[in-house]
Amino acid sequence: MPLIGDKFPEMEVQTTHGLMKLPAEFKGRWFILFSHPADFTPVCTTEFVAFQEVYPELRELDCELVGLSVDQVFSHIKWIEWIEENLDTEIEFPVIADTGRVADTLGLIHPARPTNTVRAVFVVDPEGIIRAILYYPQELGRNIPEIVRMIRAFRVIDAEGVAAPANWPDNQLIGDHVIVPPASDIETARKRKEEYECYDWWLCHRSASGD
């Protein structure tokens, strides 16, 4: 089972948009792969609508979105049609029709419920490296804005060599500022308070360059 910091496993998958090779299909871009337990289930349906709502925003962030469950492709297609006809939402992102091989590779099958994929999220960067993995129980839907926030934060983190505080960009202490990495030597530590806003030399912050 891959972990944070590992390369996303290479695989060819059948999707509602045809065959795809991952992660090569999205080389040079971020992508989010999310698994759902099953088609035609209530929580998953609300999640698909919510993911579609933010899909244009994700694409503006150069990030793609891919769904997955252990269902046949015709089930995915029929469910997507139902969502469009009944909920007035066209699902534009591809959904992987998995036979179980992909789910096994990614560790998405829980022994207690071997016929359904767990509710998981993999965030993969433009180099094909897994940057975050999230798991949710079947009875709890995902917080979709948090997933978008992660993409926004990772882009700033990578571009500027900084860290993002809790609840960024609405942190209780430093607002939309980002955290400067702590000094690694005495001389730099002494200069930190002159260069940045700081609570102490090891907790300094600044505005993001894009601000």
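Glycine is no exception: its Cβ is also placed from the backbone N, Cα and C atoms.
The disulfide bond recorded by Swiss-Prot for C204 reaches one of C63, C198; that cysteine is C198.
Its Cβ taken as reference, C198 (disulfide bond) is surrounded by 15 other Cβ atoms within 10 Å in the chains shown. For the pair R119 (substrate binding site) and C198 (disulfide bond), the Cα-Cα distance reads 39 Å. Confidence across the domain 'Thioredoxin' (2-156), taken as the mean pLDDT and rounded to a whole number, stands at 96. For C44 (active site, cysteine sulfenic acid (-SOH) intermediate), the number of other Cβ atoms no farther than 10 Å from its own Cβ, over all displayed protein chains, is 20. Spacing of C204 (disulfide bond) relative to C44 (active site, cysteine sulfenic acid (-SOH) intermediate) is 41 Å (Cα to Cα, whole number).
Secondary structure from DSSP puts C204 (disulfide bond) in a beta strand.
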